[in-house]
């Protein structure tokens, strides 16, 4: 087959694969079919062809075959490489070296042109040089090498560096770096910017996962030098953001190159737990340039970014610049944390956007086998819409039977919190559209509007926007405080009752005005409260009820984070437009939740009646105090939580009283006489009403209210006493105490549950399950710093949402690992019984020493808490073993010392006791002796 036919067939296969681009599942299926048919082996064979056109087209076909990081094809490639000669690698290395030589020649000829040509003709000469040195093929080869390792395929990443000990090995990691070194040494125009970007992206894919050996190799090769060259080219502030107009292509490419460089630098520190790489990079990187770039980027976006985490209306270019700035900050923060450089820490605290970046930085720890890694990410802005009430509800509902069950239940409930945050963002966007924006003052505007009205309207809009999207907490407080002031005013100003209407006094005009204004304010607050409850709170509660119902069968249905294919759902939201339909579904809520919403509606009616009829209706608003205290909420919940049980018990009691009323109506109706002498049992209905209204309230039952026969009337008196005693025992003692017992037991159960949750939260880490005592004893900052730092449970929730929002093709190695575990519902990425804070104690607190050894310390009980043992590097296993050995000797010494101290205390106590006893005996013997002498003398 001639070359043109081969090229045509390769193009057909390439197009056959690329026709499914944008449909990952179909593309993967086609790639697998081609791989099974032998297309992978064909691609490798043709890529070694001496015909450059065929080789180039084979590389393009390989790119299509590996697009998306197909690990089945990658596995086939690895098997082909291991079973066949290394001709492919020889060919790749040859082309890379040839391209490097061409770049050297290009640099020399450009230098010659620059020294011998006028400025006007240099542009044409440069274009001729670009055509002479065509590096497009090498760019495709770099793209193919990137896809060899796409998806953080560790076996292939290591194979790129070394192909085995028996045969000759070709280090493609070093070759790509050497080529990149020549690229950045040339004048960076649009032509070379694209190639440099691809080289950095390829090196990033070699390292992410992480692949520690590739990371260390690149750090030793001093890739920081090439990063310095690229970043130092940002001498113009405008080059820190993409722009349109003349030179826009170069500016965009240069900006994207800055982003790729920062991603590569981040990949070098991914999963790092030692100080070797960070310290070496700190010594070789130009940190001053990074801080300058960070300040410039922040100045561009700071006007549209707030420190409370709520993002403004950023353009796509500004978002890209914000992402670059945050990558720089994360990299500097990782350098500071891993190397312990106090100078970087001081400079990070001095940058203008320090408060914002610190609030948006998320740090968690993930477990991967026996190792622990710190993962850094940018908290999505939407996460700041999560309310404290939602967090508190989750803490109360979590299954706390064991650390593993806590983590699993937390993951199951995370989908509900994520959708809640998304719904609150929908509300936020709707409010942003509904609340009018004040008209900006112009030159012809009145000074009063410019300097007073406009600032007030802007503040009022922000105030309404913030508190409406946050839910009902603020409006509850506003209603309560307004009602307190209004009712206090009524207590002191309302006139007393007069003997006759003519003597009545009316409130003063000032008093009426104050009451009316406060009533109008209370009415507005109750409307806003009811609106926030129905628009924001009610749909979320209905969703939670639906999620709980689905979860009871072990199937969360549409409420899961992932769909049936294992992919994150990116479009699932609660619908704001369907809020009116939720009102009809109010009956689906539990009784305690229904009471709350009905109370909100009653307060609106009471506010209207308070304005129209009487201000005393505003007294109902004082019940809002229940929402201010968890204890009062438990008191109310103790009644409403078992409302059905209480209702059934009340019906049973009513039936029993009805039976007693029938007996009384038939046998002795004449005994039902009120205090005024009126007979109360003419009818059965009268007997029943009297028994219910008076008999239950009486301390001794009906027997204290009925006329009693004389003792001489033996049968009547006997049966009457039996009746009275039965009513007293059955109703007053048994039935009423059953009602009280249900309420008291429910309150005690709620109190015990609350105390259990608080105790578990304060005394044990939610993520790792290690006791607070261990961190307070061995970790600087103690348990509080630990739970607010890398083991902050809410950061894990934010990280899950971060994965949901991020494109899967842009995951780093840690994100891919956690994503796959979440798809499989495997919670092993949570560091149960493990913490890097305690590992630092085992390793002496400062990590590895310069000679590679560590200074282990006694860990006492902390080592026992970490089960299984924590191992971060190969060396840390030896450190843990040493610490445990020293721990055994330390425990023996501590026990012996404590026994000696106890023995000394007991001995000294016995001595003191013996002295006291002897003294008491001597005193008593002396007293007896004196008494006996006195008696003898008397005798």
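Cβ from N, Cα, C; glycine included.
TrEMBL assigns the feature transmembrane segment to one of the listed ranges (405-426, 427-448, 449-470, 515-536), namely 515-536.
In TrEMBL, the feature transmembrane segment is placed on 722-744, out of the ranges 699-721, 722-744, 745-767, 768-790.
When averaged over the domain 'RyR/IP3R Homology associated' (135-226), pLDDT in the model lands at 88. The DSSP breakdown of the domain 'RyR/IP3R Homology associated' (135-226), given as helix, strand and coil counts, is 66 helix, 0 strand, 26 coil.
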